[in-house]
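Annotation source TrEMBL lists 8-oxo-dGTP binding site at Arg22, His27, Glu33, Phe34, Pro35, Gly36. The Mg(2+) binding site annotation in TrEMBL covers Gly36, Glu56. The domain 'Nudix hydrolase' annotation in TrEMBL covers 1-127.
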Amino acid sequence: MQTIVVTAAIIKHRDRVLIAQRKENVHQALKWEFPGGKLEAGESPEQCLVREIREELGLTINVQKIFEVVSHIYGERHIILLCYLCRLIGGSAQTRDCHDFRWVEINELYFYDFAEADLPVVSNLQKRK
Ligand SMILES: Nc1nc2c([nH]c(=O)n2[C@H]2C[C@H](O)[C@@H](COP(=O)(O)OP(=O)(O)OP(=O)(O)O)O2)c(=O)[nH]1
Ligand SMILES: [Mg+2]
């Protein structure tokens, strides 16, 4: 089994959080997630998140602190998901490398079909609201 390290950004802005929908024809296609991606060689998790959020949504963020670490197995893929609280510092979101995105209230997160690894993160966000 392969283990991959993935970063995910919880970007809160005016009582809403940014969620993204994964593209068609990728792992977990069309599921909703906290945007981010795989750590590349030599990169810190913070650098990875800043890069991924620019690539996928065209936004500039500050990575603030770790919120949750999730270990999840999807068949033959084991992911370690590092979820960070982030602050938006520039840009307005565009669908550069995602299918869609939404700014949603924390109590609306339940309406979206999230990737399985995100379910504990969604419920923790709702608890700590
Ligand atoms: N970014 C992100 N990935 C997640 C979340 N939940 C979840 O199960 N994943 C999984 C889906 C994928 O198997 C893996 C992340 O891969 P990815 O496809 O986003 O990676 P990437 O952005 O670097 O894209 P690529 O270069 O591989 O195309 O983690 C989440 O909330 N955010
Ligand atoms: Mg990604």
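In case you wondered, yes, glycine gets a Cβ from its N, Cα and C as well.
Features recorded in TrEMBL, as mapped to the structure shown.
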{"residue": "Arg22", "record": "8-oxo-dGTP binding site", "CB count, 10 Å": "19"}
{"residue": "His27", "record": "8-oxo-dGTP binding site", "CB count, 10 Å": "11"}
{"residue": "Glu33", "record": "8-oxo-dGTP binding site", "CB count, 10 Å": "22"}
{"residue": "Phe34", "record": "8-oxo-dGTP binding site", "CB count, 10 Å": "27"}
{"residue": "Pro35", "record": "8-oxo-dGTP binding site", "CB count, 10 Å": "28"}
{"residue": "Gly36", "record": "8-oxo-dGTP binding site", "CB count, 10 Å": "24"}
{"residue": "Glu56", "record": "Mg(2+) binding site", "CB count, 10 Å": "22"}
Quiz prompt | Pro35 (8-oxo-dGTP binding site) and Glu56 (Mg(2+) binding site), distance between Cα atoms, whole Å | solution = 8
Exercise. Grab the 8-oxo-dGTP binding residues from the record (Arg22, His27, Glu33, Phe34, Pro35, Gly36) and give me their largest CA-CA distance in Å.
Key: 15
Exercise. Give the sequence-ordered set of same-chain residues, not counting Arg22, His27, Glu33, Phe34, Pro35, Gly36, with Cβ within 8 Å of the centre of the Cβ atoms defining the 8-oxo-dGTP site.
Key: Val6, Ala8, Ala20, Gln28, Lys31, Trp32, Gly37, Cys98, Ala115
Exercise. Check the binding-site residues Arg22, His27, Glu33, Phe34, Gly36 for any whose Cβ is under 6 angstroms from an atom of ligand 1, and report them in sequence order.
Key: His27, Glu33, Phe34, Gly36
